[in-house]
Amino acid sequence: MLLWILLLETSLCFAAGNVTGDVCKEKICSCNEIEGDLHVDCEKKGFTSLQRFTAPTSQFYHLFLHGNSLTRLFPNEFANFYNAVSLHMENNGLHEIVPGAFLGLQLVKRLHINNNKIKSFRKQTFLGLDDLEYLQADFNLLRDIDPGAFQDLNKLEVLILNDNLISTLPANVFQYVPITHLDLRGNRLKTLPYEEVLEQIPGIAEILLEDNPWDCTCDLLSLKEWLENIPKNALIGRVVCEAPTRLQGKDLNETTEQDLCPLKNRVDSSLPAPPAQEETFAPGPLPTPFKTNGQEDHATPGSAPNGGTKIPGNWQIKIRPTAAIATGSSRNKPLANSLPCPGGCSCDHIPGSGLKMNCNNRNVSSLADLKPKLSNVQELFLRDNKIHSIRKSHFVDYKNLILLDLGNNNIATVENNTFKNLLDLRWLYMDSNYLDTLSREKFAGLQNLEYLNVEYNAIQLILPGTFNAMPKLRILILNNNLLRSLPVDVFAGVSLSKLSLHNNYFMYLPVAGVLDQLTSIIQIDLHGNPWECSCTIVPFKQWAERLGSEVLMSDLKCETPVNFFRKDFMLLSNDEICPQLYARISPTLTSHSKNSTGLAETGTHSNSYLDTSRVSISVLVPGLLLVFVTSAFTVVGMLVFILRNRKRSKRRDANSSASEINSLQTVCDSSYWHNGPYNADGAHRVYDCGSHSLSD
């Protein structure tokens with residue numbers, strides 16, 4: 001019987017492994033034409049592998065695989081999807097890409113592998129993606145990038161790596177890669193060298209470097225000079241110093257060489273100086289250090305992803321580009337659309353999109369004072385002004401905003417539904433103001449917001465459901481406020497990847513209903529709070545231990561009790577922190593519980609993001625099949641056993657009847673009964689033995 005079970009399981013697994021199904025013909029996925037393009041939508045289908053499936057071979061299509069369980073990609077994983085022109089793999093829990101996984105996808109131009117758990121890009125990770133122009137890998141756990149990771153991507157122009165754990169970029173990582181748009185926000189970069197890194201992206205049109213712990217020392221001098229020499233408006237956002245302390249919070253472009261390098265009186269002689277104005281070339285095509293087959297020998301401006309025009313690539317190969325010269329009279333010059341810029345502000349075109357309006361430090365006291373109103377503003381900077389309140393009416397004419405900076409004002413009042421018209425807003429800065437309460441109504445309408453910075457306010461209260469209005473929020477900066485507690489379910493409905501709560505007044509943070517909702521967290525900063533190292537903090541400590549040092553940014557020091565003052569409670573054992581609890585537990589249980597994932601007494605919930613007890617489906621399916629087959633054979637065996645028992649019972653009944661007849665025959669033969677017919681009227685009932693035979 002066991003042999004039959006094994007044979008059946010093997011045959012079924014073999015058959016299942018060789019069946020190839022068309023995801024469109026068999027209606028496994030939703031396949032629809034949208035604006036002439038076929039979209040193959042396989043969202044949340046539970047796929048763990050794609051080698052058993054195929055897609056239409058007669059036309060090109062966009063392949064959507066987000067929300068599945070493709071945790072590992074093996075070589076030739078997409079061999080049956082060779083007509084795909086874009087690939088979306090967000091939210092798959094993907095943690096490993098084996099080199100060769102993308103072989104066959106030579107037509108793919110856009111690859112989205114964001115919101116996964118990828119830790120490294122190895123050499124030849126992207127082998128096979130010959131035509132790739134756009135790579136999005138933000139919100140991963142990316143730490144290590146091999147110098148040859150992008151060497152096969154000779155057409156890559158847009159590289160999005162924000163919100164990872166990158167602390168350094170290797171030399172020659174961008175060699176022969178024609179990068180024009182680079183996003184490195186929200187990583188752990190302290191410096192970016194010019195040689196062998198920045199010098200290899202001469203065609204840069206847009207770069208984002210915010211939210212990195214920049215170390216503003218001599219090593220950052222080359223980055224500062226490079227930023228000053230790239231095209232105007234190429235830098236999006238700010239580069240803010242994290243260290244040294246004397247420069248903390250200062251914008252890099254506001255520093256001087258003396259600030260960065262006090263002991264050095266001149267620029268590092270190893271860096272090539274930018275050419276003098278008279279040495280610059282006249283506008284025209286120049287050779288670039290990268291070429292592909294069939295590509296002409298000129299700069300590659302190309303087309304921006306959104307359909308706009310990129311800045312022309314007038315770059316030199318071995319020297320940094322010359323800074324664009326902006327005259328004072330051009331700042332308030334009428335724009336191409338003949339709309340003047342509000343007085344005191346400067347307006348610039350964003351390549352391929354709308355306007356960037358800079359009203360920083362212009363003594364603006366109200367947004368109503370900004371006249372005329374420009375409807376196509378996408379980035380509005382109002383930092384360092386005297387604004388006291390903001391109201392819904394202020395943003396009626398700014399429906400296209402993507403970035404809004406209201407930092408370092410005097411804002412204490414935000415009218416409910418103020419941002420309701422800003423449906424496209426992605427970045428909101430309200431740091432260094434006087435906000436004291438956050439509520440859902442204040443942020444209504446911000447359905448696409450990804451970044452919210454409200455540090456350095458006076459926030460004491462966050463009402464329940466505040467962040468539900470921002471379902472796409474990924475980065476939340478709440479440090480340096482007056483917070484003492486967080487409401488239950490405060491993070492329900494959002495998938496935060498980075499959270500800053502340092503320098504508040506938290507004595508402990510509950511796990512259940514608060515921290516256990518941070519299932520997508522990749523970086524959290526909690527230092528500078530007055531932690532009370534007593535029994536109540538044990539669940540929080542165990543949660544922090546499960547995160548590990550890669551996610552937890554800094555040490556957590558006790559404020560009370562006195563014997564633990566300024567000690568990192570992560571280095572203390574649970575029985576030291578809570579001796580009265582562990583004194584009740586046997587030594588065996590105590591030693592076991594030190595490494596456990598939670599205490600039943602404290603109601604700590606395990607974090608599903610770190611749950612390693614899940615069974616792989618490749619093990620689960622054969623196991624269930626074996627159980628099913630075994631159960632079937634067991635049922636059949638029981639039926640056979642029951643039928644055999646019935647036959648034996650019938651035989652016993654037949655033998656018993658024969659014995660009774662023989663006994664009756666014996667009695668008749670002894671003439672105990674009178675011969676003759678049955679006489680009902682007699683004193684005795686008499687049977688006619690002669691009328692019966694054994695055959696009856």
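Cβ coordinates are placed from backbone N, Cα and C, and glycine is handled just like the others.
Annotation comment: Swiss-Prot describes 18-57 as domain 'LRRNT 1'. The domain 'LRRNT 1' (18-57): residue composition by secondary structure is 1 helix, 14 strand, 25 coil, according to DSSP.
Taken from Swiss-Prot, the feature domain 'LRRCT 1' covers 212-263.
Look at Swiss-Prot and you will find Ser695 tagged as phosphoserine, backed by experimental evidence.
The repeat 'LRR 1' annotation in Swiss-Prot covers 59-80. Distant neighbours of the repeat 'LRR 1' (59-80): 20, 31, 37-51, 53, 86-105, 107, 112, 617; these residues of the same chain sit at least 6 beyond its ends, with a Cβ under 8 Å from one of its Cβ atoms.
Sequence annotations record features per position, and here Swiss-Prot assigns repeat 'LRR 2' to 83-104. If you look at the repeat 'LRR 2' (83-104), the same-chain residues 6 or more away from its ends with a CB under 8 A from one of its CBs are 40, 55-57, 59-77, 110-119, 121-129, 141.
What Swiss-Prot records for 106-128 is repeat 'LRR 3'. Mapped onto DSSP helix, strand and coil, the repeat 'LRR 3' (106-128) counts 0 helix, 5 strand, 18 coil.
Long-range Cβ contacts of the repeat 'LRR 4' (131-152) within its own chain (Cβ-Cβ under 8 Å, at least 6 residues beyond either end) map to 95, 106-125, 158-167, 169-177, 183, 305, 474, 497, 520, 522, 550. According to Swiss-Prot, the feature repeat 'LRR 4' maps to 131-152.
Annotated repeat 'LRR 5' per Swiss-Prot: 155-176, in sequence order. Long-range contacts of the repeat 'LRR 5' (155-176) within the same chain: residues 114, 130-143, 145-147, 149, 182-190, 192-193, 195-197, 200-201, 208, 289-290, 292, 302, 305, 474-475, 497-498, 522-523, 550, each at least 6 residues beyond the stretch ends and with a Cβ under 8 Å from a Cβ of the stretch.
If you look up Swiss-Prot, you'll see 178-199 marked as repeat 'LRR 6'.
The repeat 'LRR 7' annotation in Swiss-Prot covers 376-397. Under 8 Å from some Cβ of the repeat 'LRR 7' (376-397) lie the Cβ atoms of residues 236, 337, 350, 353-368, 403-422, 429, all in the same chain and six or more residues away from its ends.
What Swiss-Prot records for 400-421 is repeat 'LRR 8'. Counting residues 6+ beyond its ends, the repeat 'LRR 8' (400-421) has Cβ neighbours under 8 Å at 236-237, 354, 360, 375-392, 394, 427-436, 439, 441-446, 453 in the same chain.
Sequence annotations record features per position, and here Swiss-Prot assigns repeat 'LRR 9' to 424-445. Applying DSSP to the repeat 'LRR 9' (424-445) sorts its residues as follows: 3 helix, 5 strand, 14 coil.
Feature annotation from Swiss-Prot assigns repeat 'LRR 10' to 448-469. This prediction places the mean pLDDT of the repeat 'LRR 10' (448-469) at 92.
Outside the repeat 'LRR 11' (472-493) by six or more residues, the chain places 139, 163, 186, 211, 431, 436, 447-460, 462-466, 499-507, 509-510, 513-514, 517-518, 525, 528 with a CB less than 8 A from a CB of the stretch. Marked as repeat 'LRR 11' by Swiss-Prot: 472-493.
Long-range contacts of the repeat 'LRR 12' (495-516) within the same chain, counting only residues at least 6 positions beyond its ends with a Cβ under 8 Å from a Cβ of the stretch, are 115, 139, 163, 186, 211, 455, 473-486, 488-489, 522-532, 536-537, 539-540, 542-543, 553-554, 559-560, 598, 602-608. If you look up Swiss-Prot, you'll see 495-516 marked as repeat 'LRR 12'.
According to Swiss-Prot, the feature signal peptide maps to 1-17, an assignment based on sequence analysis.
Look at the repeat 'LRR 8' (400-421): DSSP puts its residues at 0 helix, 5 strand, 17 coil.
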